[in-house]
Amino acid sequence: MASSRVPQQLFLQGVAAVYLFAFASLYTQIPGLYGPEGILPARRTLRPQGKGLWQQLWETPTLLWEAPRLGLDTAQGLDLLTLLGTVLALGALLLNSLRHPFVYLLLWVAYRSAYQVGQVFLYFQWDSLLLETGFLAILVAPLRGPSKHKILQGRLAGALPHEDLPFWLVRWLLFRLMFASGVVKLTSRCPTWWGLTALTYHYETQCLPTPAAWFAHHLPVWLHKLSVVATFLIEIAVPPLFFAPIRRLRLTAFYAQALLQVLIIITGNYNFFNLLTLVLTTALLDDRHLSAEPGLRCHKKMPTSWPKALLTALSLLLELTVYGLLAYGTVYYFGLEVDWQQHIILSKTTFTFHQFSQWLKTVTLPTVWLGTASLAWELLVVLWRWIQVQGWSRKFSAGIQLSVLGTATVALFLISLVPYSYVEPGTHGRLWTGAHRLFGSVEHLQLANSYGLFRRMTGVGGRPEVVLEGSYDGQHWTEIEFMYKPGNVSRPPPFLTPHQPRLDWQMWFAALGPHTHSPWFTGLVLRLLQGKEPVIRLVQSHVANYPFHERPPTYLRAQRYKYWFSKPGDQSRWWHRQWVEEFFPSVSLGDPTLETLLQQFGLKDKSPPRARSPSNGLAQTLNWVRTQLSPLEPPILLWGLFGAVVAIRVVQTLLAPRPLQSSKQTREEKRKQTSKKDSRAASEQAAANSNSRDSWAPRRKK
């Protein structure tokens, strides 16, 4: 089996990069979301209940309990955590020595601490996915850093036998994510997914589209439907190939997943989610595929024994059979036909919901057994490598580490089976009770989660959008435009990846229902009426662009509109819209309606203030850092960090010694010398044999 040391390093660097984006993006929004004058102050979530420290940390796992000991309030503690997380992630991205389990443990603890107080603004599937992936990175990271100079035939020398084992969990996580995301689209009974028309709405109605989404939206309908078919193929049929014994099948699965994620990044602003999914796909690669050495990538055709030749032929036959079955199944179940007159491909769903439910009931448990068999094989390979370890002390040390990591891997696999089985209730009930108990004991730590993206297509008939309006007299109203979400019909959609403006995202969810389903919206209205600058900066990072920057509005209200992308011929607008209804009534400070809502949602409650000193040096340092960074728009800050990483890596590459090339040349010279010696020896031997035959033949005649 091919080694995966290079993919593991790519995975660890990718996780560090995603942590970097996640921490930095969250840092820019803390004052407006969680500060004392924010929409949902974080201090409301941490109220001491007289419990011991360790019990408190276990039940509510966040380091922010310790913020008062440092003289910080909860929001400042969150500032400190996100800054430290950003610096640690930057270090892990740039330095091999910092890709250590302890560093990834600190990153996971920091993000888990922020998640605990993040409330609705951090309740996204990608936040849970980052926590689960981040925990796996703790296990994948080697205890000793890889050396750049100890590379032997593409595999790092001195590799321990168990180092590939935890990396298998990354592949299992990718399988759960993709398979569940495909299945839930059909189990939801959403008519757009079943009718293959989902993408005719998706580009227009997704939370934060990019400019490319406008162009994608105007593609032909038949191409949209064919794209939905391809999505089902990639998300449902391809994931089992992650565990295929034939590496070319796994590589095909990798490129299919990568293509899907890149297309989503181009057409939608999904922050770090698709980047994180791409990081997970590294588990499908191996050193041979990624190595730059010709000796690993290109092999001379050497004569092989007939069993190997037969095995190669059978593998090729099996590979072609799999591709044929995928093609046949796609054509059959989605009724693909070519209309030669119109030059289009027709498609339709040819199976029923009942048939799909029966199929799902049939295959879900076998996929569990597929994962079990794959893990069992990995364990056998690891045990075989351990047996081959030389030296009793090294074997004993490797055995201890193998026992710990093997137990952790099996335990995490069992834990993950419970959320995975949610896709099919029958399978959920048939799981081993021990797995349920194990999952229940650690569920609050977010070690394993259920996934299912784009379950239903919203916005059919136009995307709903909430538009805030302010007034001084209650008669003349001015729209309050957000930086990122659709508002001004003439403004093009932005490109924000990897930043996630969490208020803009929640505004999209709020528009899908009544305002009472989004209690935080009342908190937003209150802070804007009070003129709180941290919240205003969430709406407009440059306060001068906020229409009420000189004096807060006396009245606020919200209207619900429906938005559509403009037609291709309309050059002056990206959107057109239509008023639907009032979303939030006109209120002012002290208004009985507003006071009732604040009381109903608990937004008037005040927790005890955290003890802190006004002359605290740490607090002053945190305030100074924020003052320096606040003028930068969040996307610019994140892309600036990324640019700095790229620049440093380029400099590192240029200044690094290049022992590989010289060693490669040395090996090449030795090989040539050896081949010359062998050929010279062979010629001498042939001459000697010839002479001996010549001298022996006449004697035989006599």
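Here the Cβ of each residue, glycine as well, is placed from N, Cα and C on the backbone.
Within the listed segments 127-147, 316-336, Swiss-Prot records transmembrane segment for the stretch 316-336. Most Cβ pairs under 8 Å to the transmembrane segment (75-95), among the stretches 226-246, 316-336, 363-383, 398-418, 636-656, belong to 636-656. Neighbours of N488 (N-linked glycosylation site), defined as other CB atoms within 10 A of its CB across all chains, total 12. According to DSSP, N488 (N-linked glycosylation site) sits in a coil region rather than a helix or strand. Counting only same-chain residues 6+ beyond the ends of the transmembrane segment (316-336), those with a CB under 8 A from a CB of the stretch are 196, 229, 232-233, 237-238, 241, 244, 246, 248-249, 345-351. Comparing 10-30, 226-246, 363-383, 636-656 for CB pairs under 8 angstroms to the transmembrane segment (398-418), the maximum falls on 363-383.
Within the same chain, residues 38, 75, 78-79, 82-83, 85-86, 88-90, 92-93, 99, 104, 107, 110-111, 114, 121-122, 127, 130, 133-134, 137, 140-141, 167, 170, 271-272, 275-276, 278-280, 282-283, 285, 290, 498-503, 538, 629, 634, 637-638, 641-642, 645 sit at least 6 positions outside the transmembrane segment (10-30) and bring their C-beta atoms closer than 8 Å to a C-beta of that stretch.
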